[in-house]
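**Student:** My questions will all concern the structure given below.
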């Protein structure tokens, strides 16, 4: 703007009642000017508005004796009033990025902090007995006072660091740009205050005055221009203003005068773009000046939101001459209730209910049953079954609904009937049975989804879908289609032990799939049927660039049909390749299989099958041999000849191959291609032969069903449950092998242990399930279907029963003599405990705030049964997705995804009782959408290794420490541990958890009490006053547990709980705000 001439572009009369404009603010996001006076578009204060500040959060304003936050639509969010303040006259937005407090000044000498989220006064500051008139923020909080002084306060502690005597009277206005401060004010002459003709300039680095700027019209308003650090606009109430460089008195000065002002100017503001200057006067007129005809408020503005105008409806009269179809139909997306089916159907009465006392005495003669009349019913009385068969429904009740229902009715006697979620039984005898199925798909195979109540995912009844001792995996996570292959790998006991051994070694890779699989397998082992989630594994999976390049990541928004069958086959190969590389990186080449080559990784020994690829030139006979060690075999099907477009005869279809013949041709196959021959030095026809050379322990097969022709091969009875294989130098032979049949010399027998299938539901919905053999009982193998968190037992015959809605993807066969081949004694058995005593941080800064004392070697040896206080803080990695139904009810589609940000563990044992030994912040590479500072205490920058002053470690390091404490037998004490452990994604046995939220809970009250209220009432301590601190919360939980044991010992627990609930009811379970140390006691 400097060097360019300003022109008036707009003059607007805002108030016909000639009320003066008292406050003005340019919108930082939209092309809007916000003004305030004694009566505006919406009433905000009892008196005139003193100051406005506009942010994306809303419109902050002070006026009268209140401070207020108003939404952009005009709805009030909160209003704050301080009893000792007569008038609020100035405010300043949060002074630091991590702060969430508004600084407000008022008369006579009030200075306070207001929480912008809760709308409460959090603290009264020491104003030094002086009234603050104007505030500006830079690196310091600058406060201009009524006695002409400028107080420079620390933006964190708000203590006065420096004081500048600027004027003998009052400070009228000031502005700050970087380290330059300019002020204008008044001086006292002959008992009256007169505005000074000089604008004073100060350097905040040296706290010295610079040459002042002369302004003979006597300044009332000051603003630095945004694009030029030392160029300022100086204005007077009489309409004169100038633009000058305050650091260069020899630079040219631009003078202006507002023409036709009927009253003095009262406000001035410069837009964020620096292109528009807006004035307001005492008669309610706005003046806009700009250096171009179409000046913009902001460089990049979003469209403003305007109210929706009601549509003008045309009146339609209803009379005999107007047809009904002229009225029209409303828009609808679902079939209307008036659309009745044309097919008639009988509406018979349900069969009469026969009481159990009659059925228990029935005697069958031929096909007719007879029973004696117990004479307990009236003649012609028709009985109805009044019990609600909730168990036969596809969706369970929420757990909160079940608790309320149980309080209203007695527990039913027939508990077995309540345990029938799937196809009428807790275990499906035959999963292919279509009884209770939809479109022929049994319920155990259908897509299952998590429903969310207002209490979150913890309210969902996962036990409804799983009555087995084997844990399922949840689905509300990106790329959760991997659940099927994870279950397959888990029930391979050799791979499971390899993954568990991997976490006992020192692995420095932050996102290691094998580590995460080891942690997940420990959860599935300890779960015993409790639902688990693969959050950390899928998080590491999503960070690998190779997975993204292979298209293995599930997209949030799907625009094209997804083939989960192809994705899981690629994922199957990718996970084993990654596990092989990660095991080799930590030296896991232990000899776990007999008669294997040395220097092979444990994954190669288990899944690898040494293969040779021989390329022979058809001209010169030269051969090129390459050795490979793949982990997966791709099925190769015989090509079906297609009919030609001519008039010739259709070629006959070849006889269909059996499963063993198809597998045999896949393990050894020949092909002809044209490639470069190094001997002939030209391109020649080559014959390539690929063949397996050694028997793998586990034969991992990708079905590679890519079209309908291939699907037709997989029918009921086509695939083999068991086969024998022989490998010679010239041939590979595969043949069926029945149970108990003699095995020919040189053959090795394989049997099916797992198979992953894709289910097509309703012709469009696809998902994956896995059938897994969960034991090694040869006589009666136990097969279970794993459909994410739905787990159920199935019959052996249903495992290989394929239909049009079920497509095979991955199958694994294992040698029957694996127990004699496998020796896992060389794998590590114990975890290195040095990580508890020392760990490397990711911080780049050296001056760290270490608040904990690590465990000593002696303490690590006595952790079994030791009490440890635990608390964690989290940040939001994604926002909640919800929808509002037509009845106005808000339903959560997907809750916000939280990530671990800080974890603290304190000692509950001597000699360092209550001292934390873990207090680490978690580094994250994902974008944080909300730091939840009010609830977590985590501020922007705390998780950034470049600037954070807190010790930062990878998530895997913190998780490994907690895993080690769980394995050592520590007992964790905390408040609301169930949710914390769920987000951390670790499963702790119930006998190692003491949750104070359950200890101080009366079921009939139906309310759980917060940690802060319990600490205030029972311990007399104020915690979480400003923000949450996980160390403080963990220590408070330990003290509450000791208080609980004391109350139990004294026999006054129940009476104390009643007192706590009564006091909480009187205070609405909110802790009274303590008096500020700066506030005098009344």
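Start at 1 and count along the chain as shown; that gives each residue its number.
Every residue gets a Cβ built from N, Cα and C, even glycine.
Quick paste from TrEMBL:
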- 378-433: region 'Disordered' (REGION)
- 382-422: compositional bias 'Basic and acidic residues' (COMPBIAS)
- 471-816: domain 'USP' (DOMAIN)
- 871, 873, 980, 1033: divalent metal cation binding site (BINDING)
**Student:** Can you tell which of the binding-site residues (871, 873) has the fewest other C-beta atoms within 10 angstroms of its C-beta?
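**Tutor:** Each of the binding-site residues 871, 873 was scored by Cβ atoms within 10 Å; lowest is 873.
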**Student:** Which are the residues of the chain, 871, 873, 980, 1033 excluded, whose CB is within 8 A of where the CB atoms of the divalent metal cation site average out, their centroid?
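**Tutor:** Here the nearby residues are 870, 872, 902, 903, 904, 974, 975, 1028, 1030, 1034.
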**Student:** Return the count of C-beta atoms lying within 10 angstroms of the C-beta of residue 980 (divalent metal cation binding site), excluding that atom itself.
**Tutor:** 21
**Student:** Relative to the Cβ position of residue 1033 (divalent metal cation binding site), how many further Cβ atoms are located within 10 Å?
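**Tutor:** For residue 1033 (divalent metal cation binding site), the count of other Cβ atoms within 10 Å is 25.
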